[in-house]
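So the structure is just underneath, and the comments pick up after that.
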Amino acid sequence: MRARRETLVIGALCAAWYALSSASNVVGKLVLTEFPFPLTVALVQLAATAACSVPALALCGAPPLPSACRLRALVPLALAKFLTTVFSQVSIWKVPVSYAHTVKATTPLWTAALAWVIFGERQSRSVQAALVVIAAGVALASATELHFQTAGLAAALAAAALLSLQHLLTKRVMQGSRAHPLRLLQALSALAMLALAPMWALSEGGEVASWRRTGAGTSARAGALLAADGVLAWLQAVAAFSVLARVTPLAYAVASAAKRAVVVLASLAVLRNPAPPLNVAGMTLAVLGVLLYNRAKLSRSAGPLLPV
């Protein structure tokens, strides 16, 4: 009975995670369509995550960060999070959400490259084969994307590379401490927000103020969408952590790949951006490649398994 209840809880959490992640990406695209300031959207997401985590931490009674999580260890990870958030917003601003998420499936490629450069780790043939499948899927999706933009592709690739670096740095921090995941998320979001604030003030601060003064667009609607986007970004991160705490690494990796597929399908259905059959085939191939990568990594017990 207990196992059945736990299965139902995990299923409900996965459903919430998929729904929140899909809603976050769709709302994010709507925000950037009406309010074309990606740095501002990224800043609001980070601020909302840091702020909303405070009452949640108080409710769950999470302990403070251990001494192993010193500022020197957190700053590189916060910088990676800050840049990942910025490039992610630029990518969905420039290209459809479905294509941006397909390109982000190249995360294992970047992880393998970084692991080779930093740790000298060589990949098995099964892992190399999975990486080829991912590359083929992304290449096919890029070649057949009707709204292709080089800037969008570059931003999505940068986000994937930085996400890989974030995975490697997070693994090091988590191995060296027993930090509560939500506490770590709150600290990194706050530090990333502080790093982004000066760049935002210099690049978009004046433009946003001018946009509001000239009445370009509906400020109230844009503000509501921006607030909703920030809260959704936090909620989907909390849902992801909740799933991770209850399942094995392989189950989480599979659930993450399924989540990416749901986000792609939801964006196609809600935003109705056209996707030719070959484009859909490329997206499917990329997600399949990530599943194969995680399976190959698990079979050799040579992490990290990648949420996608």
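Easy rule for this one: first residue shown is 1, then count along the chain.
Including glycine, each Cβ sits where the backbone N, Cα and C put it.
Computed from a predicted structure; not experimentally measured.
Annotation source TrEMBL lists domain 'Sugar phosphate transporter' at 9-294.
Residues or ranges marked as transmembrane segment by TrEMBL: 39-61 (among others).
The annotation transmembrane segment is assigned in TrEMBL to 73-93 (among others). Beyond its flanks by at least six residues, the transmembrane segment (73-93) meets 25, 28-29, 32, 36, 38-39, 41-42, 45-46, 100, 103-104, 151-152, 155-156, 158-159, 162-163, 165-166, 169-170, 172-173, 176, 187-189, 191-193, 195-196 of its own chain at Cβ-Cβ distances under 8 Å.
If you look up TrEMBL, you'll see 99-119 (among others) marked as transmembrane segment.
Within its own chain, the transmembrane segment (126-144) has Cβ neighbours under 8 Å at 99, 102-103, 105-106, 108-109, 112, 153, 276, 278-279, 281-290, 292-293, 295-297, 299-300, counting only residues six or more beyond its boundaries. TrEMBL lists 126-144 (among others) with the feature transmembrane segment.
Taken from TrEMBL, the feature transmembrane segment applies to 150-170 (among others). Within the same chain, residues 76-77, 80-81, 83-84, 87-88, 90-91, 93-95, 99-100, 103-111, 114-115, 118, 142, 184, 304, 306 sit at least 6 positions outside the transmembrane segment (150-170) and bring their C-beta atoms closer than 8 Å to a C-beta of that stretch.
Annotation source TrEMBL lists transmembrane segment at 182-202 (among others).
Positions annotated as transmembrane segment by TrEMBL: 222-243 (among others).
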Counting only residues 6 or more past its boundaries, what in the same chain has a CB within less than 8 Å of a CB in the transmembrane segment (39-61)? 28, 31-32, 81-82, 85-86, 88-89, 180, 182-183, 185-186, 189-190, 192-193, 196-197, 199-200, 203-204, 208, 226-227, 229-231, 233-234, 237-238
For the transmembrane segment (182-202), the distant same-chain contacts (Cβ-Cβ under 8 Å, at least six residues beyond its ends) come to 39-40, 42-43, 46-47, 49-50, 53-54, 56-57, 60, 62-65, 69, 74-75, 77-79, 81-82, 85-86, 170, 173-174, 237-238, 241
